[in-house]
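Here the structure comes first, spelled out in C-alpha cells, and everything after it is commentary.
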Amino acid sequence: MRLVLLGPPGAGKGTQALRLVQRHGIVQLSTGDMLRAAVAAGTPVGLKAKAVMESGGLVSDEIVIGIIAERLDQPDARKGFILDGFPRTVAQADALDKLLADKGLKLDAVIELKVDQAKLLDRILNRAAEAKAKGEPVRKDDDPEVFKTRLEAYNRDTAVVAPYYSARGQLQQIDGMAPIEKVTQAIDSILETA
C-alpha cells in the first residue's frame, strides 16, 4: 500500500498516518519528521533546511526529493508507505510520479483531508496546549505566526496539488473536520477499494 495524504497544516495528516501505520504495518514518510530529524542531527540537509523551516517557509524541492528517494530505498518502505507532507508542489508531485516510475512503483491512493481553514488555528493552539500539559516540547511550527505563514504557503503553493491528482483520477476527498475515528473509517473505506 502506497499512499499520499494531502491537506493544509493542522488537517490531521500526521494523526491519520500514525493510525494507518498501526493498522496496516506500513511506514509513515513524513517529510516534516524527516527534516526535523535532519535538523536535530545537524546533517548537511538539516542545516540547509533549519532556517527555512523555522520561518515557516518551504524547503527546496531538491532537498525534499533527495530525502524521499533515499527513504524509499530502505527495507521497511518496501511493504508500503504513507507520504505525509509531500508532495507540496505540482513540481514535487511530478517528480514523485517519475521517482516511483523509475522504481517500478505507483501510488495506490491519494487522499485529501478537506478542512475549514478558519478553524485550523484553534486546532493548532489546542495541539500546543496539549503538548505543554504533557510536559512535551511545543513544535516550532505550532507557533501562531509560523502557522499562519505555513497556511499562506500551503494556499499559495500546495493547494494546487489536489487538482493535479484529481485530473489524473487519483484523488479521494474526506471531511477532515470529522472526529478522528470517522476520518480513519473513511480512509479505510477508500483503501479497501484501492
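Residue positions begin at 1 at the first shown residue.
Cβ atoms here come from the backbone N, Cα and C positions, even for glycine.
Among the residue ranges 30-59, 90-119, the one that Swiss-Prot annotates as region 'NMP' is 30-59. Swiss-Prot lists Gly10, Ala11, Gly12, Lys13, Gly14, Thr15, Ala178 as ATP-binding residues, and of the candidates Arg2, Arg127, Arg156, Arg168 the one it assigns to that same site is Arg127. Site annotation for AMP in Swiss-Prot covers Thr31, Arg36, Gly57, Leu58, Val59, Gly85, Phe86, Pro87, Arg88, Gln92, Arg150, and the matching candidate from Arg19, Arg123, Arg139 is Arg139.
The binding-site residues under consideration are Ala11, Ala178. Their Cβ neighbour counts within 10 Å are lowest for Ala178. Residue annotation for ATP gives Gly10, Ala11, Gly12, Lys13, Gly14, Thr15, Arg127, Ala178. The furthest Cα pair among them is separated by 16 Å. The Cα of Arg139 (AMP binding site) lies closest to that of Arg127, out of the binding-site residues Ala11, Arg127, Ala178. Listed binding-site residues: Thr15, Thr31. The one with the lowest count of other Cβ atoms within 10 Å of its Cβ is Thr15. The DSSP breakdown of the region 'NMP' (30-59) into helical (H, G, I), extended (E, B) and coil residues amounts to 22 helix, 1 strand, 7 coil.
Most buried of the binding-site residues Gly10, Gly12, Gly57, judged by other Cβ atoms within 10 Å, is Gly10.
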